[in-house]
């Protein structure tokens with residue numbers, strides 16, 4: 001019997017090494033993936049299903065990257081700005097990191113004081129997504145990322161399967177399609193795409209001189225912690241009024257903390273129909289961007305969290321207002337405000353979020369009525 005012990009040990013050791021190899025072999029890797037239709041291209045990483053870059057020509061034909069970000073995919077793992085990521089399971093803020101659903105109070109991961117922001121410490125922006133499909137070039141290139149969120153992740157109820165598909169659907173059109181399917185429990189879902197845009201180029205400085213029109217006549221005002229009060233108020237006569245295009249800097253000094261507010265999109269009450277959320281125009285580069293969505297709100301944010309500087313691509317340091325975010329979404333903290341559109345998705349239902357970025361490059365943008 002004693003003579004068999006070494007043999008058993010060797011077999012056990014080999015089996016352990018074999019199993020360890022299998023674990024390492026199936027562990028998802030973090031990579032960079034490109035889609036290119038011959039007119040412009042976009043790059044992504046499966047860390048957070050993140051937009052890494054969008055390369056567009058300017059009015060002189062010079063190609064530039066209009067997305068803030070990093071050179072290395074591994075830098076995104078330590079990122080606190082949510083550069084380019086898909087955020088969720090519930091984007092934006094949830095007051096006191098809790099909500100009540102079907103008689104049960106759910107305690108969530110509080111990662112911003114006593115509130116939850118963008119899904120908690122380990123939201124969808126901080127996980128590795130699987131690459132489900134990828135067509136790099138040709139007609140309608142696209143990439144689809146998938147993630148399985150388990151029951152209880154960051155405190156949310158139920159298993160949830162999530163996909164996001166990025167595709168180039170026209171000469172200068174980038175489509176974003178987000179879907180989520182709960183398995184066994186009802187759960188809130190509110191995904192958002194958190195790219196910081198600078199149409200002058202990621203390394204061109206701030207976005208204060210860019211003009212913007214937001215197709216919204218109301219906002220959801222917040223308290224000092226950026227939690228909605230539950231009210232819906234008109235923007236007319238306030239610095240939040242972008243119903244007519246004007247520069248971002250024109251009234252920004254009238255606000256204590258620049259722009260970081262949810263706009264109630266005009267036509268949002270019509271349900272899931274696509275509607276224009278905003279148009280942005282950069283005069284110097286000649287680039288413009290129109291954003292359409294099927295969601296009722298859009299968070300307009302001018303990157304005040306970059307005040308102290310963040311080292312980005314090519315060593316360029318991004319500072320306050322280096323980019324702008326237009327995060328189409330359901331209203332923040334909807335789980336605690338019955339008067340806001342519901343974000344609860346039940347088993348058998350599909351959460352469906354659509355965005356379309358349409359870029360233009362020209363000297364004058366008559367669709368903005370500005371010269």
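From the backbone N, Cα and C atoms, a Cβ is placed for every residue, glycine too.
Note: TrEMBL annotation is automatic and uncurated.
What TrEMBL says about this one:
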- 1-25: signal peptide (SIGNAL)
- 92, 93, 194, 195, 196, 260: beta-D-galactose binding site (BINDING)
- 194: active site, proton donor (ACT_SITE)
- 327: active site, proton acceptor (ACT_SITE)
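Here the Cα atom of residue 260 (beta-D-galactose binding site) is found 10 Å from that of the residue listed as 'active site, proton acceptor'. Between the C-alpha atoms of residue 195 (beta-D-galactose binding site) and the residue listed as 'active site, proton acceptor', the distance comes to 8 Å.
Long-range neighbours of residue 194 (beta-D-galactose binding site) (same chain, six or more residues apart, CB within less than 8 Å of its CB): 82, 83, 84, 85, 86, 87, 91, 118, 125, 325, 327. When other Cβ atoms within 10 Å of the Cβ of residue 327 (active site, proton acceptor) are tallied across all protein chains shown, the result is 25. Per the record's binding annotation for beta-D-galactose, residues 92, 93, 194, 195, 196, 260 show a top Cα-Cα distance of 19 Å. Around the Cβ of residue 93 (beta-D-galactose binding site), the same chain contributes 112, 115, 116, 117, 225, 226, 227, 332, 333, each under 8 angstroms and 6 or more positions distant in sequence.
Residue 196 (beta-D-galactose binding site): 27 other CB atoms within 10 A of its CB, across all protein chains.
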